[in-house]
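S.K.: So that we are looking at the same thing, I have put the structure below in structure tokens.
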Amino acid sequence: MATSASVSELRAAPSLLSYLSTANHHPRRRIHTAATTSQYPLSSSSSPKLVPLHSAASKSKSKSSIISFPPLRCRASNTITDVDDFAAQVQAGQHRLLKVPTSNIRNFCIIAHIDHGKSTLADKLLQVTGTVEKREMKDQFLDNMDLERERGITIKLQAARMRYVFQNEPYCLNLIDTPGHVDFSYEVSRSLAACEGALLVVDASQVLNKIDLPGAEPDRVVKEIEEVVGLDCSNAILCSAKEGIGIRDILDSIVQRVPPPSDTMERPLRALIFDSYYDPYRGVIVYFRVIDGTIRKGDRIYFMASEKDYFADEVGVLSPNQLQVAELFAGEVGYLSASIRSVADARVGDTITHYGRRAEDSLPGYEEATPMVFCGLFPVEADQFPELRDALEKLQLNDAALKFEPETSSAMGFGFRCGFLGLLHMEIVQERLEREYNLSLITTAPSVVYRVNCVNGDIVECSNPSVLPEPGQRRSIEEPVVKIEMLTPKDYIGPLMELSQDRRGEFKEMKFITENRASLTYELPLAEMVGDFFDQLKSRSKGYASMEYTFLGYKESELIKLDIRINGDQVEPLATIVHKDKAYAVGRALTQKLKELIPRQMFKVPIQACIGAKVIASESLSAIRKDVLAKCYGGDISRKKKLLKKQAEGKKRMKAIGKVDVPQEAFMAVLKLEKEVL
């Protein structure tokens with residue numbers, strides 16, 4: 001799917017409806033679309049086209065002169081000042097549950113990178129169409145999680161049904177607002193399938209957003225889009241979602257250029273589940289798009305993948321709150337409640353059909369998300385393990401990109417090894433588990449999946465150092481490698497090249513896109529990116545650089561397992577897989593931190609970082625000693641030596657049978673340190 005196409009892919013096949021792209025090229029530049037709906041699946045004769053939605057805001061260091069370019073015009077009447085027209089749209093919005101012909105349905109989604117104005121645009125569309133009254137309106141209206149508002153990002157896709165009157169004819173517009181961060185790209189792919197079934201996008205005018213900002217340079221941005229991406233911007237629409245400029249042109253363009261879904265109401269029911277969540281009172285609530293047929297309240301429905309059947313207790317639309325309706329037909333988007341108590345019975349990507357009149361074939365569904373980052377999740381209290389398992393199952397219903405499997409640790413007990421799409425995804429999942437399910441969790445250091453080539457010819461995939469085969473059993477270790485492209489002003493080329501080389505990057509290409517902006521291409525181990533690489537990139541470029549990366553495959557590397565031993569005992573949860581050149585620095589940092597955190601014992605405790613049997617870094621925790629010489633106020637030295645020897649023998653016996661308990665706080669602090677140094 002074209003949700004993350006590179007620049008070269010864009011030149012070859014421009015294929016999305018409305019995408020946002022700021023002039024400062026935000027991190028991991030993606031193709032950003034407001035994709036449209038059509039027949040499902042996509043016919044071979046269909047020709048995908050594109051409607052980009054860009055931000056004209058510039059973050060350039062210096063004010064460059066305006067590049068001569070054909071002027072872009074926006075109708076003055078398009079600013080929302082016509083009171084009578086606005087009132088008419090508001091009145092029409094109150095009748096959004098009324099049915100319209102299939103030919104008057106338009107399904108689309110807004111897809112763009114973070115901070116491109118997606119949520120602001122969605123808010124303005126809801127307001128202009130009268131879907132949400134002014135007194136109820138608030139920023140990020142569709143973002144219903146506190147976490148989304150606190151961070152200012154969209155985490156979950158949200159659907160809304162709008163009614164828009166164009167040339168005195170009512171239209172039903174089904175909107176899906178999507179996350180912008182690359183870690184939530186799986187949400188985007190589900191949105192495209194919900195709008196499309198298969199990705200078909202229409203040709204429409206491009207839109208430049210944020211033209212109201214003082215630093216907006218639409219002419220320069222348009223020229224960059226044409227030169228870099230290769231799109232014709234001669235008919236671009238100027239837009240400011242914040243000020244309401246260009247909103248009517250966008251709505252008119254959706255009605256005129258987005259094709260309606262096919263009228264397949266007479267076929268057997270087939271509906272695609274694109275999202276779901278668990279309600280403690282109503283069970284699993286399913287969000288779906290009807291591809292074929294009709295579904296009514298009270299129908300006996302059948303889930304084709306799970307092979308379970310239920311009665312539809314409630315059918316409705318999202319506008320944006322849940323509103324009940326009598327039926328939904330082909331092309332419409334809605335929700336379903338059927339008292340589904342098992343989260344496994346209604347998974348994302350499943351096909352809903354009628355129990356009595358089943359469809360012959362299920363819909364293709366979605367490709368499984370491939371986790372890129374792994375970590376362990378353990379409850380602080382051991383008796384919370386069942387609650388953690390139930391919480392992960394319910395959260396996976398709402399976040400299909402989350403993967404997990406049971407894991408045990410000698411230090412932290414029972415937990416789960418979880419896979420995520422990225423570091424932000426990992427942080428969000430942890431916070432949601434703690435907030436929504438009242439769990440206290442410990443998160444281990446993030447890692448990637450390594451591929452181990454064994455001497456017997458087997459290939460073992462390993463994301464946890466504890467399951468890494470012994471040195472005598474492995475021939476080599478391969479690590480995932482990505483191709484990273486950094487876009488930066490020319491002033492920061494040097495610092496970014498230094499950063500990439502420090503992270504074991506291999507230089508591939510440098511080229512100037514424009515006079516003042518360059519593109520750097522490196523091959524980089526993925527393990528070097530799951531830490532603070534992005535933060536360092538922003539810091540060294542003062543926020544002006546951005547990046548995108550694509551997975552290339554696996555490459556053999558000099559990787560070793562770094563073990564931590566405390567009093568001679570190996571502490572498995574603190575083991576890490578690191579590159580040979582970084583082993584000493586990581587080992588030294590870990591041993592020093594543990595020395596600060598472990599309480600002193602009655603005997604001397606050595607803390608060692610080891611590669612196999614070789615100790616590469618060591619610290620010692622001095623013993624708590626009783627002053628046995630206090631009573632020796634005088635006399636021969638042999639008496640003092642005798643007392644000290646007796647004490648030493650006692651310490652030796654104590655060390656032989658003694659056990660060092662590493663406190664939970666020490667594990668948490670060391671795991672945090674591992675995230676910083678790896």
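From the backbone N, Cα and C atoms, a Cβ is placed for every residue, glycine too.
Look at TrEMBL and you will find 112-119, 177-181, 209-212 tagged as GTP binding site. The annotation compositional bias 'Low complexity' is assigned in TrEMBL to 38-56. Marked as domain 'Tr-type G' by TrEMBL: 103-262. Feature annotation from TrEMBL assigns region 'Disordered' to 35-56.
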S.K.: Find, for the listed binding-site residues Ala112, Ile211, the residue with the lowest Cβ contact count at a 10 Å cut-off, counting only other Cβ atoms.
M.R.: Ile211
S.K.: What is the total of other Cβ atoms whose distance to the Cβ of Lys118 (GTP binding site) is within 10 Å?
M.R.: 27
S.K.: Inside 10 Å of the Cβ of Asp115 (GTP binding site), count up the other Cβ atoms and send me the figure.
M.R.: 18
S.K.: With every protein chain in view, how many other Cβ atoms are within 10 Å of the Cβ of Thr178 (GTP binding site)?
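M.R.: The answer is 28 other Cβ atoms.
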S.K.: Across the whole of the domain 'Tr-type G' (103-262), what does the mean pLDDT come to? Round it, please.
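M.R.: Over the domain 'Tr-type G' (103-262), the predicted model scores a mean pLDDT of 78.
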